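Visitor: Dropping the structure in here first, questions after.
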Amino acid sequence: MTTDTIVAQATAPGRGGVGIIRVSGPKANQVALEVTGKTLKPRYAEYLPFQAEDGTVLDQGIALYFPNPHSFTGEDVLELQGHGGPVVMDMLIKRILGIAGVRAARPGEFSERAFLNDKMDLTQAEAIADLIDASSEEAAKSALQSLQGQFSQRIQTLVESLIHLRIYVEAAIDFPEEEIDFLADGKVAGDLQAIIDNLDAVRKEANQGAIMREGMKVVIAGRPNAGKSSLLNALSGKESAIVTDIAGTTRDVLREHIHIDGMPLHIIDTAGLRDASDEVEKIGIERAWDEIAQADRVLFMVDGTTTDATDPKEIWPDFVDRLPESIGMTVIRNKADQTGEDMGICHVNDPTLIRLSAKTGAGVDALRNHLKECMGFSGNTEGGFMARRRHLDALERAAQHLQIGQEQLEGYMAGEILAEELRITQQHLNEITGEFSSDDLLGRIFSSFCIGK
């Protein structure tokens, strides 16, 4: 339990009908007594005047007192709900800060105290910020699932399985004279594979949750006049890019943030790729390649009136060779309205081929559906959860150590190495929920929160 008491405005700054001030810490009850002039009954709303030190009324509203541990932070908490004018809120906060032992809260400190007092784990605390920042209904639902503990429960299930497996492995190491060899009888190998499979499923859901939170970066690339800017306009639903018949019209990177059925996409239009003599166009082309290297997916635009080829290696082998293998690619044969080709997805092999007309919009819906599939969109976010980059990194490291442990078990029956890899895996999973976290990590996470949360 902390010894200091903190105060902050819990509602957004600015003018509003209602403004809420939150106080948390051992002095909360004293603050209530000094500001309202009476001892508040726990968990009852009382309509009272809020008084200055000399007894003059600063505002009037509802006061609520929650004694520990039955509060958001796990500490004594006071909430004053008054009028939402910035001057009124400022006067009340100054009044409370004048009481000995009370200080202004840091960003995210209320949520941090809730975490430190075991009222929630780290993923739930992060979900509060994600719920506030949600840019779509689907993102809000996913953040709420995390806040309610769904992500935490999946991680806890994995940790419990790891602990159970570690018992078997440690027993095989410590009692080699036993008749049953736990490492050789297939029990450990089977349980290990089950954990790997479950972790892969969690990683897949977490990837979709991260895309829901951060969005997928899609870069439109190709030669000049392939219709890249027209496709950007078609996807965004507005004239974001200038479209002309002059090659090299787009010389810089253009960005649009859109949602497809609640899934956020960062669509980036780039300069046409070619050997340019113009210095400004050269800079734009280099920037295009920089964006391509950082993309989650590349839409390779092809002018269908210039070639019948559909294989990108045949269309432009140098482009394919330069594209990083980790980046997914979709071939877009544009101007299908002029070539008479059937619109839509033609095959779903790697890479997927889509025929469309960026100018008329025909076939663009097929591309939208394809992009949703690339993001792992299932059409049902009720069971999903929100995830962050640090969660994905921790899950990736956990998977790597499980893989090492499996290789050591299968190749060498190396129980000691397997035991160590399982321990490290468990540590990485515990980082996600905060059971094992450095103070620096906690500071970075909570400092990104709103003040008053």
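Note: Cβ is positioned from N, Cα and C throughout, glycine not excepted.
Quick paste from Swiss-Prot:
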type: BINDING; residues: Arg22, Glu79, Lys119, Lys453; note: (6S)-5-formyl-5,6,7,8-tetrahydrofolate binding site
type: BINDING; residues: 225-230, 244-250, 269-272, 334-337; note: GTP binding site
type: BINDING; residues: Asn225, Thr244, Ile246, Thr249; note: K(+) binding site
type: BINDING; residues: Ser229, Thr250; note: Mg(2+) binding site
type: DOMAIN; residues: 215-376; note: domain 'TrmE-type G'
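Could you tell me the structural context for the features on the list?
Guide: Arg22 ((6S)-5-formyl-5,6,7,8-tetrahydrofolate binding site) carries a strand DSSP state (E or B).
Reduced to three states, the DSSP call for Ser229 (Mg(2+) binding site) is helix.
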Visitor: Would you mind sorting out which of Arg22, Glu79, Lys119 (the binding-site residues) have a C-alpha within 10 A of the one on Asn225 (GTP binding site)?
Guide: none
Visitor: Pick from Asn225, Ser229: which of these binding-site residues has the biggest number of other Cβ atoms within 10 Å of its Cβ?
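Guide: Output for this query is Ser229.
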Visitor: With a 10 Å radius around each C-beta, find which of these binding-site residues (Arg22, Lys119, Lys228, Lys335) has the fewest other C-beta atoms nearby.
Guide: Lys119
Visitor: I want to check the contact list for Glu79 ((6S)-5-formyl-5,6,7,8-tetrahydrofolate binding site): same chain, sequence separation of six or more, C-beta distance under 8 angstroms. What comes out?
Guide: Ala10, Ile20, Ile21, Arg22, Val23, Ala63, Leu64, Phe66
Visitor: Provide, as an integer number of angstrom, the distance between the C-alpha atoms of Lys228 (GTP binding site) and Lys119 ((6S)-5-formyl-5,6,7,8-tetrahydrofolate binding site).
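Guide: So the alpha carbons of Lys228 (GTP binding site) and Lys119 ((6S)-5-formyl-5,6,7,8-tetrahydrofolate binding site) sit roughly 50 Å from each other.
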